[in-house]
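Pulled from Swiss-Prot:
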BINDING   102-109, 184-188, 244-247  GTP binding site
Amino acid sequence: MLDGLRDAVRKFLGSSDYEKAVNEFIKELQIILIKADVNVRLVKDLTDRIKKRITEEKPPSAIEKREWFISIVYDELSRLFGGDKEPEVMPKKLPYIIMLVGVQGSGKTTTSGKLALFYKKKGYKVGLVAADIYRPAAYEQLIQIGQQINIPVYGEPGNKNPIEIATNGLEKFLKEKMNIVIIDTAGRHGYGEEASLLEEMKSMYDKIHPDEVILVIDASIGQKAYDLASRFHQASPIGSLIVSKMDGTAKGGGALSAVIATGAQIKFIGTGEKLDELEVFNPRRFVSRLLGLGDIESIIEKIKSVEDYENLEKRMEDVISGKTKLTLRDIYKQLIALRKMGPLGKIFQMLPGAGILSQVPEEQLKLGEEKIRTFMAIMNSMTYKELDNPSIIDKARMRRIAKGAGVTVEEVKELLKQYQMTNNLLKMVKRRKGLAKLFGGSNQ
């Protein structure tokens, strides 16, 4: 799945015929996702949304069409895998009790160790409870994992009552002031026996009252994950999921998209066999890797910068028409947008009259860049109240602002003077427009 999408993106970005390349890319995307066991309806919905957006939307000025198209694909794939919802993985209270459930073969016991190591690295004291009594090697496996990562494991090999083991282990670790206790429960049920698994989960839950229940799902089951995740999501209001073995299957995309379609939340994905190969599931980061675009965020940032600037242009039209007043906050936002778009020389080339502007000497451009940095530092030292109404700034505040920005009082005065001159100029423009209307003249 990964290589297929990366190759498709590379081929698209290197093509000469944009329209043809778009159609070919969408077809290839459909094939790749269906091969990855993503539900056909989800794939159709995804590609329909992409087609709709490229028909109805227009790329921002100064953005190359291909980059814009890939940013739309990135947005829609991210939405398929959960959008902007990055999970909260840090405990909201201490001690924090986590109960891990999952069918046999899901990688639940190994995931218990991975999760314990993740929290240990974050500075928490963690304990593991081996409450899986049905798989003969489960206790020994967890003991070995605990030794590898230097985390204590509680178990009672002769006891056949998992609830009793969990209760005793929890009591012991809470006495030892553990911050997080992870309980590895029984995994004796196969896929298709979700009802039995959830019934057992409920019995354990009612006795130990964990703060969180996490279901571990093997990525290789693909879109079959939908039924299990759906039932689990309905049965456990405090539940989340870990999708394990993402590295060993082509069906990972199917499993992830199926889980997301249920409304359940994926917290982590297992990316390898090693105990440190567990990562917080960030949909956008995941999609960025799928597309093989390490710099996708820079493309998105570039598009956002141009859109921000276009929004500012609209704001300035409102200022000139008298609908609103220009503030230092407006000027600050303009400078931020300009800085994101690149050096002054590059920006001048994008503006009308670029031929004349391109003749501005390099030294003058450098001075302009320095002045922008100085003015931004000054505005960073101001309060929101001062940015919205600079007239309240007295001499004492000027000194404080200058000190905070690492500039001179004269430079603060210069910024305020420039702001006042700009406002006066805008008043003149408004007056001229008013006179033109009064005498039936042109607004130009």
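Every residue gets a Cβ built from N, Cα and C, even glycine.
In the three-state DSSP reading, LYS108 (GTP binding site) counts as helix. Within 10 Å of the C-beta atom of MET246 (GTP binding site) sit 23 other C-beta atoms, taking all shown protein chains into account. When the neighbouring Cβ atoms lying within 10 Å are counted for each of the binding-site residues (GLY102, GLY105), the highest count belongs to GLY102. DSSP assigns MET246 (GTP binding site) to a helical segment in the three-state reduction. Around the Cβ of THR185 (GTP binding site), 30 further Cβ atoms fall within 10 Å across all displayed protein chains.
Around the Cβ of LYS108 (GTP binding site), 26 further Cβ atoms fall within 10 Å across all displayed protein chains.
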